[in-house]
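Undergrad: Here's the feature list from TrEMBL:
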ACT_SITE  Ser150  active site, nucleophile
ACT_SITE  Asp176  active site, charge relay system
ACT_SITE  His261  active site, charge relay system
BINDING   Arg190, Asp195  Ca(2+) binding site
DOMAIN    335-445  domain 'PLAT'
Amino acid sequence: KAVKAEGNVKAPDGRLQQGNEVTVPLVVKSTFHMHLQGNTFEDTCTIVPFHSETLSTCNYNSSSPLVIIIHGWTINGKMEEWMFRMASALKARLGHMNVLISDWRPLALQPYQNAAKNSRHVGSDVARLVSWLEETTQLSMDKVHLIGYSLGAHVAGFAGSHFTGERKLGRITGLDPAGPQFEGVPASDRLSPDDAKFVDTIHTFSKSSIGFTLGIRQLVGHVDFYPNGGSFQPGCQMTDMYNNLYQFGLEGLPKTVKCTHQRAVHLFTDSILNMDQQMTAYRCRDDGAFDKGLCLDCKKNRCNILGYNVRRVFKRGNNKGLYLKTGSQTPFKVYHYQIKVLLKNLTASVQVSVSISLIGTKGQSEYLPVTLSQEHAENKTYSALAAVGLDMGDLQAVRLHWEGEAAWTSWWRRVSSIMSGGSRRHDTELSMRRIRLKSGESQEK
């Protein structure tokens, strides 16, 4: 990830070299604002690399950890409020630390393709700042944490790639790392686990039904979280997207996708502000299996905590994503339950739609619609996942209301009957042999 240039460029000694590819020192085009207090741009102090007097002016504490928050692509050139809210949360909840905001708006306020290319240069800016702080203040690389959103996640990766061996950065957090121009490329051209001693990522817009996404789908960290399958997030409704497109045309698109893309930012900040409501995620092969309730097992590091307090797990090779459900607003934590039902009189494989209400020592949930899918073809065990926003305490009972077969299955069975000349009703009575519940958070059955 060395920075190269072609054409008429100045070599490090100042000579003009023509037509050769040479490594050149970059002028630092990024600005670094140290967060002091409050939630606005005015509540910051600018640290200028290689100008040591700015460290004392901004009350930089050389014995404290360093966090650098890095924004992504911008279409309006404004500093977004989420950066200051996250900085305030870090300072308020976690005590003494130096929180810097990397401002690379001049290079981000470009057509996306150009901004994506610029991310490598901005990574070099961040690396030069960190190297200068290491030399000037004896900063330990273990105390460095880069937090990058969208394109900023890859900026963090490019910055981290400048440090190797024992000098590797302590941690990089990627918040819905950008997908376009980064999906499927070599690890050296995007955020990867090689860029820090620990890399965690949260994917919130990596899968959609509208033909495009802004987030990267592939695994790019030591641990990768996929809240709600990494697709449209609760509270970011498809209907809002179509309404905005109808009202504003293509200009309305950012209003809709921003909600889902930026949810990673708010989930991470929520994990700092609500330490008593940490969100548990579960390792699973994909979101389909997770939605069937098949992955609520925490043995052998199969569970982890989303956000700031993630547990550092370094499993490589056959790595799988971590999945969880969330609410639509802070605090985002929900409680996961696996439901297994053994049915004894179904003669064909069907999807069963039911509504359930869980009753525990701390309250009762509302009725939740779930679809029970057959777990194994050779038996009649059906399973589903239920997500409840309320801490139920110890489960005592469950109320279940059968809605019938899932609409598609029921419709096809009726059509098949008509086509075969049959007139007999195919309604099925639900007869349960056994029902089992398991709490993902407590692991109790």
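Every residue, even glycine, has its Cβ placed from backbone N, Cα and C.
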Undergrad: In terms of Cα spacing, which of the recorded positions Ser150, Asp176, Arg190, Asp195 are within 10 angstroms of His261 (active site, charge relay system)?
TA: Ser150, Asp176
Undergrad: Which secondary structure state does DSSP assign to His261 (active site, charge relay system), in the simple three-class scheme?
TA: helix
Undergrad: If I take every residue in the domain 'PLAT' (335-445) and average their pLDDT values, what number comes out?
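TA: Within the domain 'PLAT' (335-445), the model's average pLDDT equals 73.
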Undergrad: May I ask for the distance between Ser150 (active site, nucleophile) and Asp176 (active site, charge relay system), taken between their Cα atoms and rounded to an integer number of Å?
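TA: About 5 Å separate the Cα atoms of these two residues.
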Undergrad: Between Asp195 (Ca(2+) binding site) and Asp176 (active site, charge relay system), what C-alpha distance do you get in Å?
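TA: Between the Cα atoms of Asp195 (Ca(2+) binding site) and Asp176 (active site, charge relay system), the distance comes to 17 Å.
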Undergrad: Output, ordered by sequence, the same-chain residues six or more apart from Asp176 (active site, charge relay system) with a CB under 8 Å from its CB, or 'none'.
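TA: Non-local contacts for Asp176 (active site, charge relay system): Tyr149, Ser150, Ala153, Ile202, His203, Thr204, Phe205, Ser206, Leu214, Gly215, His261, Gln262, Arg263, Ala264, Val265.
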Undergrad: Would you mind ranking the recorded positions Ser150, Asp195, His261 by how many other Cβ atoms sit within 10 Å of each Cβ and giving me the lowest?
TA: His261
Undergrad: Return one of helix, strand or coil for Asp176 (active site, charge relay system), based on DSSP.
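TA: DSSP call for Asp176 (active site, charge relay system): coil, neither helix nor strand.
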Undergrad: With every protein chain in view, what's the tally of Cβ atoms within 10 Å of the Cβ of Arg190 (Ca(2+) binding site), excluding that atom itself?
TA: 24
